[in-house]
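Notes to accompany the following structure.
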Amino acid sequence: MAGSGLKRRRRRRIHLSKLYTLTCTQAFFKQDHSQIGGPGYSRLVFINEPDSPEADSSSYSDNYVRTTKYTLATFLPKSLFEQFRRVANFYFLVTGVLSFTPLAPYTAASAIFPLLFVIGATMVKEGVEDWRRNKQDIEVNNRRVKVHRGDGNFDSKEWKTLSVGDIVKVEKNQFFPADLVLLSSSYEDAICYVETMNLDGETNLKVKQGLEVTSSLREDFNFKGFEAFVKCEDPNANLYSFVGTMELKGTKYPLSPQQLLLRDSKLRNTEFIFGAVIFTGHDTKVIQNSTDPPSKRSMIERKMDKIIYLMFFMVVLMSFIGSVIFGVTTRDDFKDGVVKRWYLRPDSSSIFFDPKRAHVAAFYHFLTAAMLYSYFIPISLYVSIEIVKVLQSIFINQDIHMYYEEANKPARARTSNLNEELGQVDTILSDKTGTLTCNSMEFIKCSVAGTAYGRGVTEVEMAMGRRKGSPLVLQSDDVEYNKEPFAEEAKVKGFNFRDERIMNGNWVTEPHADVIQKFLRLLAVCHTVIPEGDEDTEKISYEAESPDEAAFVIAARELGFEFYNRTQTSISVRELDLVTGKRVERLYKVLNVLEFNSTRKRMSVIVQDEDGKLLLLCKGADNVMFERLSKNGREFEVETRDHVNEYADAGLRTLILAYRELDEKEYKDFSVRISEAKSSVSADRESLIEEVTEKVEKDLILLGATAVEDKLQNGVSMATDVPDCIDKLAQAGIKIWVLTGDKMETAINIGFASSLLRQDMKQIIINLETPEIHSLEKTGEKDAIAKASKENVLLQIINGKTQLKYAGGNSDAFALIIDGKSLAYALDDDIKHIFLELAVGCASVICCRSSPKQKALVARLVKSGNGKTTLAIGDGANDVGMLQEADIGVGISGVEGMQAVMSSDIAIAQFRYLERLLLVHGHWCYRRISTMICYFFYKNITFGFTLFLYEAYTTFSSTPAYNDWFLSLYNVCFSSLPVIALGVFDQDFPLLYQEGVQNVLFSWRRILGWMFNGFYSAVIIFFLCKSSLEPQAFNHQGKTPGKEILGGTMYTCIVWVVNLQMALAISYFTLIQHIVIWGSILVWYLFMTVYGELPASISTSAYRVFVEALAPSLSYWVITLFVVVSTLLPYFIYSAVQMRFFPMYHGMIQWLRYEGQCNDPEYCDMVRQRSIRPTTVGFTARLEAKKRSVRRSEPES
């Protein structure tokens, strides 16, 4: 038997009706339970006759899949609609339309060009992205598969041509082209192996099995004349459910998820399968699950909208003031035959300057001014920010420091909308398993028959040893062991267990050897693992659905019970015989597998051994297993409970193992009832199954408990004295909450191991483990229990707040720990805000036994309650709600599948990459975007306010100071590239992360400061240029400057000022920034030269102005230098004074570098403490606490 199992590398064929569907059942229906044909269950499929009239009448969707946002016909209208939904773009569209009227102060072409450029650039970007998606669609839709053509032959056809009811033949390593009902396969019992990595990211193979009635259809010709009729559920997004019936030759057979093969899954380790198409195209479950990245907007983007509205208000206000003054002046222009503004010819004018209709002229002037002052609004702001954010996302995706080589997984920004939000995170809500930990399990300890075995040392125990200030020594049965003797032994993955008492077969000499034998046998038999033999190494590896399962089977093998073969109905184990002391091969017939789920919290198998005994082997969580023990099965309960609590203290995950013997009558009764429940096609099918299993999983006999370690990820544990990821996040002032489903003891000790907790912290523990609540629970009065529990939780929260109050706000001394039951009441509407106040006042918060819904509710509470940015990070499907509720959702692409990643905004492979994502990319993106937006409004105010001042100087005659194309190209050509370079390349110091949390760089004070800078710059430029050019001749010919020379000189000064202002604002110069800043100035001179050489009909007022008037004049160059220096001098003086006497956080760091004090730890610490809020958790905080403790003890000594 053993030799045949290792002769070739292959999967053992498994009769899945035995393993995964609880029992091999025949069709059985109860009319009162059946939902088929009702709402949600109305799909009818005629198999192998897709062209029949009945099938045509169904008009199901075809199998062509389109993931693009646009089609060729809808691209233009839909894309334009998307662009003009933005209020700024719509405003420019209105002014562009008005530019075709006589009201326009400039030509229509100069107004339309910038709008077309900006809109066109954005549309091209979206078009290119959509074109790439279209190429992927074409490749997928044109894949080929063999399809039955009706005469027993199969032809190769494209996926997109498939119809509902077609029979297809999929071969090994091919993807399934649609959702199929499995009919048969190359295996006799119609099983096949499926890889679902594209759906859920899981690499473990899933086993599917067709109905027994169709399993014989294994040849192409078998399908000639084959017909069947399927009724099933309507298309939905649930990947793990399927309810239906197949009618074949007048008999109905139930269909379950075991017969469903999902589109984009791959056929593995099976030569071929035949399947019937049930769902096509956009009806398939994978497409139903496909969603765009979550649509979220950052705080900065929302605030930017308010600034835009403020600018609109300013434009309207200036237009109104100007129109009022213009109306009054126009009314007084022509009195008693005297003309004041004779050059406007009011005596012969139409409406615009007609003194008799001054009110109408004022209204027209308002419209004209609203168009002229539109340059206050930065037309290229949106497109520039989009370009910058896309480039920032590329930098995140390409960052080699966030690339996880072991799994070949880089970081991936699924949306670029939240880049700057990463630099403003105040609170991190983290899952534990797979996030802080690896979800890579190692069997390390166990308790059997009341005796604790295993002397492996966990990371949590090492942290506890450091916490107690002594080397870790683990005591077991008064025997003292050290870690070193086995430290260098060859390690087996998933097995870190050491104990000579039961290893190497020594367990046979233990006092309860018979219990140990049953314990190890249960580990080797109670599972759904698939063995795989390697003919080269003659070793067996295991394919398990979870890391825990694999660890248990490996542990059983290493301790002498080797599971090596699985057939259709049996499990084969090599085990040590207690009587003979020799290894024997035993066969266990598998009758039923009662699967594990989050509700049951246990799994069982019913097997028959070689002696004919019927055994129910069960393993599960302690809170569900102890209550299922029989009176005579509790012999070791007290000791086992103590050991389980000790294991939880050591941060280990525990399961209780128990068994019972069944008599034949009891099993037959169970088999009939489970068959009926399993065969029921109804919404309450699961509850029926639960009722049946509940009655058989009772009166168990306790064997013991297992303890596996889920190791902390790199950068999370405190294996060295180097500050880790959590420590650096804590130094940045970010609070970290842990939300886990683990027991409170486990969560607390993981907290100590990761330095979220430390010894001198006062723990505020909120739970319902009180005598009063326990006595009420025994009465079973739900209303009374709920009322008392709520009052108890509220009282504990109030007491916790009182402790905080008397501590004087010293938040680093407190940690809040709350369990799931208490959290349910703490999240009630009338308590949740009090709970949040308590939680925010604590340094660490750990929520234990949290359900997925509770995680989402906590995320919502924190996000809405404190008004600051909240980030949630997790790796499993149970974290999806939390990720979607938080401002930013970060998914970890771990071993629990891809559900979290698919629902996240950003995906990373390891928790430790969060440090670089936030402290480097996040902070830089926040600083760049904040400065970029402020600078945009500064440069537009500088430019736009000179237009207002010039119009005021000309008594609001609607005359622009600059040439039409000077106006149009200011934002597009002469000032746009430097600000984009700033948004992409500027850097400063990651230590300054709190700038983002406190929103220092994008506060209203800073925004208004930049705006004020723009206003006074415009005032200085206008009045200095006007005053310098007014009183004297401009050139050697004695000509005085006109509007063209004044406008050209002012424009030159503006281009210089705004670009040099950018140079002053940049913290980190690169070659690219030098090129774009000086290049923008150079482009202005080149444009003025080339444009001025065009015919006068085109260049109009700019015709040869630079070549003939400005360039030859020394005063032009002198005025430019004088005005530029004068305009920038106030900002330079302000910056110098601020840097010297009132430095901001980054200024302090610059002084550190300048004065050579980078290596002065005291000065650096002083700067750090001034730049961030005090560190409350992490290794650094632990060292600080030790220092304080030493300082307090010094006087006493």
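In case you wondered, yes, glycine gets a Cβ from its N, Cα and C as well.
The feature transmembrane segment, as given by TrEMBL for the ranges 111-128, 831-848, sits at 111-128.
Across the domain 'P-type ATPase C-terminal' (901-1143), mean pLDDT in this model comes to 86. Counting Cβ pairs under 8 Å that are 6 or more residues apart, the transmembrane segment (1049-1068) and the transmembrane segment (362-383) reach fewer than 3 and are not in contact. Counting Cβ pairs closer than 8 Å to the transmembrane segment (936-953), the top stretch among 87-105, 111-128, 307-328, 1075-1094, 1114-1134 is 307-328. Here the transmembrane segment (87-105) touches the transmembrane segment (307-328). Their Cβ atoms form 3 or more pairs under 8 Å, with each pair 6 or more residues apart. Within its own chain, the transmembrane segment (111-128) is flanked in space by residues 69-70, 75, 79-80, 82-83, 89, 92-93, 95-96, 99, 104, 371, 379-380, 382-383, 386-387, 390, 968-969, 971-972, which lie at least six positions past its ends and keep a Cβ under 8 Å from the stretch.
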